[in-house]
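Data block below; observations after.
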């Protein structure tokens, strides 16, 4: 073989390798790299709002806010630019206001371990609840039937309630009665935001597919706002550095090569975060702030949904 032919052959081989390597760096933007999903179901959960003596750590007040089977709608969109990488945006929102419950406990006597004051508000409305989650998954292990990897993302969750009417028992039962029916007593909002890390996995056998996700954060920031309407007082708290644990289990069946019906369960737990509190008198405009661990915020919730996923 002539020298020129050998050189030409080598150049052709190297050129082909370079083109192959270059093509691997180009993200896949074809329709089949995109997946969308929608589902509907129910949200339930419970939040706690606490107030402490910042110097002694003694609990002074606790409000328990419940969420009872509120209807939600979920949406999810994923893009696989490479076989080893998935970009995802997902979220859910309440479809309408829903049912809740609130119990308010106070410990006004520091020498008494049991609460002294309690009010109950069965006619509590969940005004709204929603969440969004932006994340990326890197698939470290892959085969025809499974893949496993790591994930990182940012998540924000909000809840809002209004308690109306109800009954009360104050000073160890010395004063009892009822609040006027339908009258607003307390309104409460919570917001949690955080970056997170986690593990992700997927397994498929024939037309059945199982997905699992575990999320963890040590960097939760929480905010709340409490409106005591009958006292014209506003309480605001901020906390940071608390923990979050979450899991998502998704099981589905492919009714066509591109369409999957699925059911999904999610569980989220925001551990109590402690921080300072601010009290605002809405009549006078006066404000008092207390630092340290004067307040606490926590939540745990779960969703159960069913829906349809489609890959283009």
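Backbone N, Cα and C define each Cβ position, glycine as well.
In Swiss-Prot, the transmembrane segment annotation falls on 85-94 of the listed ranges 45-54, 55-64, 85-94.
Check Swiss-Prot against the ranges 175-184, 185-194, 195-204, 225-234 and you find transmembrane segment recorded for 195-204. According to Swiss-Prot, the feature transmembrane segment maps to residues 259-267, out of the candidate ranges 115-123, 160-168, 259-267.
Between the stretches 245-255, 278-288, Swiss-Prot puts its transmembrane segment entry on 245-255. Residues 27-29, 33, 138-140, 142, 149 of the same chain sit 6 or more residues outside the topological domain 'Periplasmic' (81-84) yet have a Cβ under 8 Å from a Cβ within it. For the active-site residues shown (104, 106, 226), fewest C-beta neighbours within 10 angstroms: 106. The Cβ of residue 228 (active site) lies under 8 Å from the Cβ of 185, 186, 234, 235, each of these being in the same chain and 6 or more residues away along the sequence.
Across the topological domain 'Periplasmic' (141-145), DSSP helix (H, G, I), strand (E, B) and coil residues number 0 helix, 2 strand, 3 coil.
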